[in-house]
Amino acid sequence: MELGPEPPHRRRLLFACSPPPAPQPVVKALFGTPAAGGLSPVTNLTVTMDQLQGLGSEYEQPIEVKNSSLQRMGSSESTDSGFCLDSPGPLDSKENLENPMRRINSLPQKLLGCSPALKRSHSDSLDHDVFQLIDQDENKENQVFEFKKPIRPASRGCLHVHGLEEGKDVFTQRQNSAPARMLSSNERDGNEPGNSIPFMPQSPVTPTLSDEDDGFMDLLDGENLKNDEETPSCMASLWTAPLVMRRTNNLGNRCKLFDSPSASCSSTIRSMLKRPDRSLEESPGGSRKRRKSVAGASPEEAASPEKPQEILHHQSLSLASSPKGTIENILDNDPRDLIGDFSKGYLFHTVAGKHQDLKYISPEIITSVLNGKFANLIKEFVIIDCRYPYEYEGGHIKGAVNLHMEEEVEEFLLKKPIVPTDGKRVIVVFHCEFSSERGPRMCRYVRERDRLGNEYPKLHYPELYVLKGGYKEFFLKCQSHCEPPSYRPMHHEDFKEDLKKFRTKSRTWAGEKSKREMYSRLKKL
């Protein structure tokens, strides 16, 4: 009766019970005769497969040594080739506790599974799952190896946070993706004192890491940080903590910068924003004498023991000088009460008028000037009648000059200006029928042209006035000073053609003037 092919379980049983065959050459084992047990050449080759080491080499090796060869050594070839997971052996377990090694980013973290550097217990479980059948069954070639399903790794942010809190517990074991031979040189240097490498948070932007990193980890940074990163307590306190209002006394400190510590802030602010008050004990005459002496004295004499505010006040007066050096009380008076060059106050008493930027005088003032009341103070008193010629011929103030065109006024006053002598003033008064439009416009024009022709604040005619109410009001109050003593209004029925002619001429000249000014401005640009 012929025997059929032997089942696989019987072949395992025969291998376990039969003694090891006698050592014979490899070629003989491959092509020799069947064994005494009646095994076929294929079965004999299967039995003696674990004894083959290479052609021409001896296979005399005990079974215990063969089994021990399956144990992982300090440098695992399977780890270096990337075919199997690896866990730290007895050679490098102590050194890895002192100097952790960064994993070479050869694959994305999700594909490598949970790194043993994060959880030691998980690495032990992986090692146990892979190598738990070594001691139970010696014939590993007939069993199929299955990798453990990888799980989601922890994010970098969590690794950094827990690594700082737990110390070296996170890096107690070497990561599987780094070969053991790469730790040989670094571990020896790390054992020396002063050569320990501190753990630093690493980023793929760093030049040293970009050379070795293949870019897989950058794809997972954003997702890991969104899901696993928690808000720090310091940031949470910004939303939950109550608001605290703190008032800083910056103004007080700024005020006390040049003051004594005992000085109050209110008095300092008052001294900064307000003009220094004059002492009640000083008389106007005494202060005037003191100012004159300081203005003409040397720097040594000016540094006399006085109040600091008075010294600053006197220095400002000495710096500002008029053509004759007679500017006084400039800080004690309102600039609006000073004439155009700020050298002195107005001579006449002014009244309120239609235009606030101009000074108006009453008809009685002009009457007093014509009567010679201010002869010792005035060198020249000029009255400019800005009405049209037919109005001027119908009645005007004695001594007035009829100039209704701006170019005529500029030719009369500014081409050959009147120079004051002996401290006497030159006063110019403008008026029209009501002193509401033509007179004020002519007064502004003269001041504007005078400013352009002189260095500020010097002026040829610093004192200008406008007659309040115009010629109509002057005629009603002071008819005796009018020649002829009559009044002809602008809208007279007999002079409609003259009115139309002069108005057209004035508007045309005004338009040409505006064009000339526009051209001059364009040339300056």
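Just so you know, glycine gets a Cβ as well, placed from its N, Cα and C.
Under the heading motif 'Phosphodegron', Swiss-Prot lists 73-83. Across all of the motif 'Phosphodegron' (73-83), the predicted model scores a mean pLDDT of 45.
The annotation phosphoserine is assigned in Swiss-Prot to Ser75 (among others) on the grounds of similarity to another entry.
Per Swiss-Prot, phosphoserine is recorded for Ser78 (among others), and the stated evidence type is similarity to another entry.
Per Swiss-Prot, phosphoserine is recorded for Ser81 (among others).
The feature phosphoserine is assigned by Swiss-Prot to Ser87 (among others).
Annotation source Swiss-Prot lists phosphoserine at Ser106 (among others), citing similarity to another entry.
Annotation source Swiss-Prot lists phosphoserine at Ser123 (among others).
The phosphoserine annotation in Swiss-Prot covers Ser177 (among others).
The region 'Disordered' feature in Swiss-Prot is assigned to 179-204 (among others).
The region 'Disordered' annotation in Swiss-Prot covers 262-308 (among others).
According to Swiss-Prot, the feature phosphoserine maps to Ser279 (among others), an assignment based on similarity to another entry.
Under the heading phosphoserine, Swiss-Prot lists Ser293 (among others), citing similarity to another entry as support.
Residues annotated as compositional bias 'Low complexity' in Swiss-Prot: 294-306.
The annotation phosphoserine is assigned in Swiss-Prot to Ser322 (among others) on the grounds of similarity to another entry.
Remark: secondary structure over the domain 'Rhodanese' (377-483) totals 40 helix, 26 strand, 41 coil, with classes taken from DSSP. Annotation comment: Swiss-Prot describes 377-483 as domain 'Rhodanese', evidence class sequence analysis.
Marked as active site by Swiss-Prot on the basis of similarity to another entry: Cys432. The Cβ of Cys432 (active site) has 25 neighbouring Cβ atoms from other residues within 10 Å, across all protein chains displayed.
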